[in-house]
Amino acid sequence: MKLSRRDFMKANAAVAAAAAAGLTIPTVAKAVVGETTNAIKWDKAPCRFCGTGCGVLVGTQNGRIVASQGDPDSPVNRGLNCVKGYFLPKIMYGKDRLTQPLLRMKDGQYDKEGDFTPISWEKAFDIMELKFKNALKEKGPTAVGMFGSGQWTVWEGYAASKLLKAGFRSNNLDPNARHCMASSVVGFMRTFGMDEPMGCYDDIEEADAFVLWGSNMAEMHPILWSRMTSRRLTNEHVRIAVLSTFEHRSFELADNPIVFTPQTDLVIMNYIANYIIQNNAVDQGFLDRHVNFRRGATDIGYGLRPTHPLEKAAKNPGSDASEPMSFDDFKAFVAEYTLEKTAKMSGVPEDQLESLAQLYADPKVKLVSYWTMGFNQHTRGVWANNMCYNLHLLTGKISKPGSGPFSLTGQPSACGTAREVGTFSHRLPADMVVTNEKHRQIAETKWQLPAGTIPEKVGLHAVAQDRALKDGTLNAYWVMCNNNMQAGPNINEERMPGWRDPRNFIVVSDPYPTISALAADLILPTAMWVEKEGAYGNAERRTQFWRQQVPAPGEAKSDLWQMVEFAKRFKVEEVWPDELINKKPEYRGKTLYDVLFANNVVNKYPLSEIPADQLNDEARDFGFYIQKGLFEEYADFGRGHGHDLAPFDRYHQERGLRWPVVNGKETLWRYREGFDPFVPKGEDVRFYGKPDGKAVIFALPYEPAAESPDQEYDLWLSTGRVLEHWHTGSMTRRVPELHRAFPEAVLFIHPLDAKARGLRRGDKVKVISRRGEVISLVETRGRNRPPQGLVYMPFFDAAQLVNNLTLDATDPLSKETDFKKCAVKLARVVA
């Protein structure tokens, strides 16, 4: 049975009526399409795009997705979707969808300069096996690596961590979340000893004020923005402040719209801390019971190569050191950040700064701070996170309904996979780290490994992987579920040279021929979204499951299948030294698949637990319920330690649960008695990630950006996204409606800056940095309105690689790239 446009419109109308009446959508759909044998089947899934974690109902028929709706039973989005979410089915069916492995070949053999040629999976794994084994044999575990994703499912990330850190004994595993959430991770760990926000989306309906720091929620998290808009417009007392280096759509609702000079958010936060103290708005009792003060190391560099002049000049490059200080010391430290000084440095009028500070200082105002990439993609991103926590800790506005700091995520499982599973080069599951001997022992015990298997040295982070490929020390490299050739910084100087170096072999697993795929040596076709069973963890600690709903096209396979199947190619003797194998002689002759995935834990759940009519290609390929086995083994890391997850089967019944889940009950606000089961009675608040239960307020100064405009390169460049496209556009640009809505990137520029350079709206313009150049189109109107001296350009357009321009400077503590600040100049392109 086909669903006509008329029927689809009827279904939409019925869905709206059903939502109002409290009926479920599958019931309504049945009424619309009838009880025929090929009627549309509906099932739940979280959205494939940002970290909000909206619920979607997916309609399938005859092995294809034919419809989708916002899930009215989802507490996140309550039946709404953003414009990208409404077109989710179409991301699956681009005309250039990859359906078989492709290898660069010439005259029937692999050739680095050859043409992409279809091959079998067996031959694809043959060449991968050869290249990975050669790298391991010649240079050891540090010669292999993987760049993963905040779009991996929970068990894909967990399998990757086991394969790399245990199997290949290489910590050279990092996710693309390094580019977006690493500063938040380090900030949370530094202040609270545990990662991820303590609050939840319920704060939106409870708060009296919202402050957005470097977050354009209207376009990047539109469903949360709709909830905030409702809160603001239906409650006259509610206020919204928006801070950014340029005006954007979120400014349209702002009561206090603030445009500041890049990097001076650090100054503004220290001013607010000073204001709170000077106006006796400190919650002294809260500080005395729950907070310590520390002074952080300064002049820590910019995460550039050690030979860079800025790194040579830094006194404490990469230092995370700090020393105890008193409240009075902190008071003296922030005293220099006066209203007058802050206004002068930031360019923000004094009355706007004071109005902002009053929101934080007023004890009657419940306030939530939200931030995204403006804070995190920052050479002092960790400091920015710490300084925001300072404001909430000084006032006690934390860990309670309507008040708290909240880092919003940009990918669907940057939290659930990259952070919680621990696919960063320094992390293990449940906030454990490879540098901690006890943590390594815990992982080795749970994974049934010989003691000493997991290396203690931190592996290569995202930017360091690029540098190692260029330097020829990282030689076998697997990129999954991301498009880093387009998304990462400084493409020309630091990434492309390593990828095309004949010493290196690059594998890219992707559903589409992205810039990254086309720069690789081997492309593996990948199943996406509901073509596999999956789990994501969103920004409010909500873990959500979905079942496979359609088969993948052609020979496309999930990332999980690819990694687990590839593990069969390696015997332990080929990857582990004798001293390790001698500790577990029973592993001799076994493959990494046997040791890591057929270990009587991962493979203990039989296929009979999967309904006979339910798709699950991976499980049936391996002969056991692999997703359940991986999840339960992983979940054991956090249970009883404040990272508790519910049993696997519960998630298939729920619209997600926010961890820690204890005795079947989710946790909405962490660290607060009465909400968090890990806070002992009588303590009120306990930040139990720290041994003494106290959070840390850090004294940290303003330090300048790594690169600022000068006489030649006279403009700031900031990069980012637009509503219609997600990241590099590899999915959304294949949706005709989204592509037509915003077909190509433009350079947003102030009209006076354009006029001064002889440029008009629609002109072609060459944007030039010290690292490269790109041609774009001048846009002096529209949704983004930069101040004079700054231009803004989105990075979704593969024909305009804005990251040819960006600098690979990172936060020295989080290793996250600053995509928001570099210097450029413009030149008019004469037709």
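Cβ coordinates are placed from backbone N, Cα and C, and glycine is handled just like the others.
Features of the protein shown, as given by Swiss-Prot:
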BINDING   Cys47, Cys50, Cys54, Cys82  [4Fe-4S] cluster binding site
BINDING   Phe795  substrate binding site
DOMAIN    40-96  domain '4Fe-4S Mo/W bis-MGD-type'
SIGNAL    1-31  signal peptide
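If you take the Cα of Phe795 (substrate binding site) and the Cα of Cys50 ([4Fe-4S] cluster binding site), they are about 16 angstrom apart, rounded to a whole number. In the predicted structure, the domain '4Fe-4S Mo/W bis-MGD-type' (40-96) carries a mean pLDDT of 97. Of all the binding-site residues given, namely Cys47, Cys50, Cys54, Cys82, the one with the smallest number of surrounding CB atoms inside 10 A is Cys82.
The number of other Cβ atoms within 10 Å of the Cβ belonging to the residue listed as 'substrate binding site', over all protein chains shown, comes to 22.
Assigned with DSSP, the residues of the domain '4Fe-4S Mo/W bis-MGD-type' (40-96) fall into helix, strand and coil as follows: 9 helix, 20 strand, 28 coil.
Annotation note: Phe795 (substrate binding site) sits in a coil segment as assigned by DSSP.
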